[in-house]
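Per TrEMBL, the features are:
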REGION    1-35  region 'Disordered'
REGION    63-90  region 'Disordered'
DOMAIN    234-354  domain 'L,D-TPase catalytic'
ACT_SITE  His312  active site, proton donor/acceptor
ACT_SITE  Cys330  active site, nucleophile
Amino acid sequence: MTMSVLAVTGCSSSGPAKDNAESPSPTPTPTPISVKTAHAASGNVAFGKPVTLKASEGSIKSMSVTGPHGKDIKGTVAQGGKAWRSAGPIKPAGTWKWTATGTNGTRTKGRVSATKAKSKEHATVNIGRDETVGIAAPVIVNFQANVKDKANLERHMTVRMRPHGSHGAWKKASGSWAWMYAAPGTEKAHFRPKKFWPAHTDVRVDLPLGTLDWGGGMTGRTDITMRFTIGRSQIVKADAKKHNIVVYRDGKKVHTYPASYGMDSVKDRNTRSGIHVVTEKYKVKRMTSERWGYDLKERWAVRINNNGEFIHANPATTGDQGSRNVSHGCINLSTANARAYYSTAIYGDPVVVTGTKTQLSDSLTELYDWALSWQKWKSLSALN
């Protein structure tokens with residue numbers, strides 16, 4: 001697309017010129033700036049990518065670009081005034097209007113449109129807007145389709161943070177995305193920091209999923225921008241050899257509860273050692289196992305993984321709590337202690353289990369983010 005503005009000049013006279021009069025030199029006509037869209041062979045640019053406008057005649061001094069509803073589109077003049085590049089990508093079927101001003105003062109206007117997406121797929125985030133979570137909470141993006149261009153998405157999926165209640169600048173979170181196990185036809189991208197989140201922190205997640213090309217012309221139904229808060233630091237240190245759990249809140253020991261863990265002598269009944277994460281809790285939870293032959297309703301159940309492990313009340317093992325491990329893998333507490341712990345637990349609290357023969361791993365659960373070393377975690381990034 002090429003648009004030009006022509007400058008027209010003229011002169012007039014009140015009478016005939018004298019034969020011996022000198023004619024004034026004509027004012028030079030500035031060459032009008034001419035701008036075209038780069039990489040638009042079909043007339044439209046590819047959606048999900050930044051837009052480049054190039055000056056084919058003259059040089060660009062400034063560029064004003066607006067999107068839908070008059071929203072300003074940010075960008076920079078580059079190549080010594082021969083090009084302008086947008087800071088972000090253009091949406092599917094999006095149209096931007098632009099006005100270029102040349103270094104010689106001439107102007108030209110035009111518009112640029114993007115291609116349409118072939119399909120729009122659904123994606124969700126596991127944490128709710130404005131939710132308060134624990135210091136080990138992973139951010140999980142669930143894609144209801146196979147993502148072919150994971151690297152493209154990951155480059156634009158940003159996580160930033162600042163102290164809770166602050167109005168200062170957002171700073172990039174020190175962490176990494178990892179593409180984890182997901183059911184066929186779906187994808188999961190998890191984000192976790194290198195170390196636990198700082199307590200009392202606000203987190204902002206920007207996912208331009210409805211703008212980017214997921215691969216093959218597929219995109220999301222909408223962009224997602226959300227904030228949530230990291231609350232107080234609560235860490236449970238669960239030592240199977242000591243037969244107790246110790247609750248630390250903001251660095252201080254606040255509770256010690258006698259406990260019974262999975263039976264030591266039966267490997268498949270061992271509680272898994274490693275960093276678990278609180279994901280759900282139930283006042284009453286039905287627990288069943290055909291293998292071990294039980295069907296029970298347990299109270300004050302806090303799920304610490306999706307492999308069947310909970311911290312919950314079990315009056316049947318009260319006599320063993322604090323001295324022997326006899327459960328089928330859960331951490332058993334008395335009814336009063338389980339209720340007290342239940343009242344303090346929130347999604348994302350870490351539960352650090354030690355003292356058992358079986359380690360938490362990807363073969364035993366779907367949520368093993370903190371069971372991996374930082375180097376292993378980074379290796380699961382599409383940008384690695």
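Using N, Cα and C of the backbone, Cβ positions are placed for all residues, glycine too.
Remember, TrEMBL labels are computer predictions, not curated facts.
In this structure, His312 (active site, proton donor/acceptor) is part of a beta strand by DSSP. Secondary structure by DSSP for the domain 'L,D-TPase catalytic' (234-354): 14 helix, 59 strand, 48 coil. For Cys330 (active site, nucleophile), other Cβ atoms within 10 Å of its Cβ number 25.
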